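Engineer: Take a look at the following structure, please.
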Amino acid sequence: MVLDCFPENVLIDILSYLNVRELVRNSRVCRRWRQLVKDQRLWRTVDLSSWNGVATVRPLRVVMNPDTHTVTGPGRVPVRSNTKRLSLRDFDIGRPLGKGKFGNVYLARERKLKAIVALKVLFKSQMEKEGVEHQLRREIEIQSHLRHPNILRFYNYFQDSTRVFLILEFAPRGEMYKELQRCGRFDDQRTATYMEELADALLYCHEKKVIHRDIKPENLLLGFRGELKIADFGWSVHAPSLRRRTMCGTLDYLPPEMIEGHTHDEKVDLWCIGVLCYECLVGNPPFETASHTETYKRITKVDLQFPKLVSDGARDLISKLLRHSPAMRLPLRSVMEHPWVKANSRRVLPPVCNTHH
């Protein structure tokens with residue numbers, strides 16, 4: 001059963017937040033859960049038939065404009081909200097899920113709906129000090145419009161005098177980065193599954209003229225079934241022309257056009273998934289060196305070297321993504337249809353974007 005793969009602390013968190021009536025009698029609940037319930041004296045069970053994810057989160061209204069506090073109505077038409085503004089008093093706060101430069105993320109439960117969410121707490125003083133307030137606004141504006149099973153849902157936000165609170169989907173299996181550290185590297189099946197999911201999610205973004213620009217293991221979370229979820233849109237941009245000049249992203253994942261100061265478009269994301277595929281299979285990025293200068297040189301030369309453990313099919317896919325010329329990189333639809341991906345992917349959910357035109 002898929003629930004067996006969760007760490008005990010995650011199971012305890014989920015159980016402690018669920019509102020279920022029966023004691024430990026449901027035949028669909030695995031033995032480990034029953035024992036865990038008894039051990040923790042939670043005396044609850046879970047009706048898995050009603051689950052699409054962890055304690056299925058009911059949608060909260062999405063505030064679109066941080067100044068006017070308008071909300072999205074039918075057809076994405078902004079309408080003014082007459083509902084009570086959210087505050088920290090509307091949530092029960094659980095354990096920390098992660099820590100970042102500008103704040104922390106906590107497991108939380110919205111008291112009225114009993115919805116389990118991740119609450120991202122950002123400190124205004126830190127963001128102002130670094131001059132990244134515009135990134136937060138952009139992240140909210142972009143992510144609130146995206147609806148895809150492999151993109152972390154943004155539900156709402158609120159603020160007080162010192163902090164901004166983002167209400168996000170809870171991804172119970174945590175960061176891909178930590179999972180990769182724990183495992184060392186992933187096998188072909190797991191990596192190909194991630195590549196198909198990521199390609200589908202990015203195709204969806206690109207069709208909406210959104211470029212992510214910072215795909216890396218730290219920005220990818222794992223959902224209830226182990227499915228990949230793009231989580232951080234801080235460096236993303238909505239660019240109708242799909243051409244930008246800003247230098248952004250993470251050193252090991254920067255494409256040649258950014259390093260060389262050229263304009264870039266959505267094909268920077270193709271480079272990033274090629275780097276990610278390599279790192280998943282090998283355990284480290286393909287151009288990593290001890291110095292920034294040497295890393296830059298290897299990237300601009302596309303000095304790509306494969307260890308023997310990388311299969312021929314994976315080499316073919318990575319080599320077609322890590323091309324110096326953006327125009328020569330394998331398109332996302334072709335990534336999803338690549339023979340190595342098709343042979344190895346065990347994706348749970350069907351693609352959102354049709355791979356056939």
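Glycine too: its Cβ is placed from the backbone N, Cα and C atoms.
Keep in mind it's a predicted model, so treat the numbers as computed, not measured.
Residues or ranges marked as active site, proton acceptor in TrEMBL: Asp214. What TrEMBL lists as ATP binding site is Lys101, Lys120, Glu169, Phe170, Ala171, Glu218, Asn219, Asp232. Residues or ranges marked as SUMO2 cross-link by TrEMBL: Lys216. Annotation source TrEMBL lists domain 'F-box' at 6-46. Marked as domain 'Protein kinase' by TrEMBL: 91-341.
Describe each of these features in terms of where it is and what it packs against.
Structural biologist: Lys101 (ATP binding site): 10 other CB atoms within 10 A of its CB, across all protein chains.
Per-residue pLDDT, averaged across the domain 'F-box' (6-46), gives 44.
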Engineer: Select the most exposed residue of Lys120, Lys216, where exposure means the fewest other Cβ atoms within 10 Å, treating these as the recorded positions.
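Structural biologist: With the recorded positions Lys120, Lys216, fewest surrounding Cβ atoms within 10 Å: Lys216.
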Engineer: For the binding-site residues Glu169, Glu218, work out the Cβ neighbour count at 10 Å and name the residue with the minimum.
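Structural biologist: Across Glu169, Glu218, these binding-site residues, the one with fewest Cβ atoms within 10 Å is Glu218.
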Engineer: Any idea what the Cα distance is from Ala171 (ATP binding site) over to Asp214 (active site, proton acceptor), rounded to a whole Å?
Structural biologist: 19
Engineer: Measuring Cα to Cα, tell me the gap between Lys216 (SUMO2 cross-link) and Lys101 (ATP binding site) in whole angstrom.
Structural biologist: 17
Engineer: For Asp232 (ATP binding site), name the DSSP secondary structure in the helix/strand/coil scheme.
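Structural biologist: Asp232 (ATP binding site) sits in coil per DSSP, no helix or strand.
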Engineer: Between Glu169 (ATP binding site) and Asp214 (active site, proton acceptor), how many Å separate their Cα atoms?
Structural biologist: 20
